[in-house]
Amino acid sequence: MPFGLVSAWNKRRRSKSQDHSDPWIYKPAEFWQLEDQTPQPTKRRHRSSVFTLREMEQATFSFSDDNLLGKGGFGRVYRGTLKSGEVVAIKKMELPAIKAAEGEREFRVEVDLLSRLDHPNLVSLIGYCADGKNRFLVYEYMHNGNLQDHLNGIGERKMDWPLRLKVALGAAKGLAYLHSSSCLGIPIVHRDFKSTNVLLDAKFEAKISDFGLAKLMPEGQETHVTARVLGTFGYFDPEYTSTGKLTLQSDVYAFGVVLLELLTGRRAVDLNQCPNDQNLVLQKNVGLGIVGMVLNGWRSRIVADPQFPFEVLMEELDFVFSTLVVGSILNFILMYLLAPTSCSSCSTLSWILATCHLIIKIVVRSVCLN
């Protein structure tokens with residue numbers, strides 16, 4: 001157990017008069033020692049607020065179903081209102097006993113990491129609550145939910161081409177920030193980048209969320225070998241799943257899958273399809289369709305999302321999108337369909353970011369993003 005946690009626990013034991021409803025406040029400065037000997041990152045950029053269980057109950061009206069935003073593998077997310085009047089999203093972690101240790105680690109990593117990071121394309125952590133066995137994470141409220149909901153028609157607004165490009169750019173910026181050693185002095189692999197972890201604010205600015213599986217890559221170390229592959233099926237880099245080697249390119253591959261979701265409007269994994277077509281990356285018609293789009297022009301509808309309003313596109317955007325974005329998807333996806341033996345030839349995220357920037361410049365000139 002990290003020293004900060006031991007100190008907080010001993011202090012709590014010595015103070016018998018302390019109200020047991022008070023939050024168990026720990027020092028997250030030692031969190032990174034929970035897994036191997038990863039070097040300590042830089043000092044925290046801002047202090048996260050500490051909330052009590054009572055405050056969490058009041059903010060959500062005792063976790064009313066009316067405030068329920070969604071459910072995930074590690075609990076439920078509620079819309080809440082703090083005493084200050086600020087609207088927030090509150091993740092209530094709910095884990096079976098068998099996964100308690102795993103959930104605790106992810107909780108600690110998320111608190112520590114988001115307390116150190118500061119970027120407009122990463123979701124902000126406002127605070128947390130650790131009261132007895134109760135664990136809560138309090139985030140800024142994202143008015144437009146997650147990307148996957150909008151791609152599947154659950155969101156109120158249909159995502160046209162300019163909006164999808166805007167989201168792709170924001171997500172690329174967020175990942176590039178994590179991968180930059182200037183971020184904390186150490187590159188970070190998100191390890192669970194996917195469309196449900198790309199959240200959209202009131203202006204549809206993309207923000208990456210859910211850092212519980214994040215891994216710091218020590219200086220000079222480009223690969224981390226793990227015996228346990230973590231993440232989400234459908235977004236796994238083939239090299240990671242076959243060898244256990246985790247690299248920054250593992251995130252880049254997942255970003256390519258999200259690009260493919262943006263292009264097709266389909267889920268990365270759809271269990272309603274026949275077994276051979278459940279994985280979007282492995283669908284043969286998708287690969288052939290993208291090749292057809294490159295050869296025959298962007299307006300080929302073999303694979304593109306049928307709800308896209310093509311009429312808003314300029315011929316200039318048409319050309320750039322087909323040659324650059326679809327080209328990057330080919331580099332990400334078709335390479336794994338035809339020769340899924342190595343991730344070393346993946347396009348770097350910096351190249352993708354440059355591509356998105358170029359496209360956005362054209363979009364801004366021709367189409368209003370709002």
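Just so you know, glycine gets a Cβ as well, placed from its N, Cα and C.
As annotated by TrEMBL, domain 'Protein kinase' applies to 63-370. Taken from TrEMBL, the feature ATP binding site applies to Lys92. What TrEMBL lists as transmembrane segment is 319-339.
Mean pLDDT for the domain 'Protein kinase' (63-370) in the predicted structure: 75.
Just so you know, the Cβ of the residue listed as 'ATP binding site' picks up 19 other Cβ atoms within 10 Å once every protein chain is counted.
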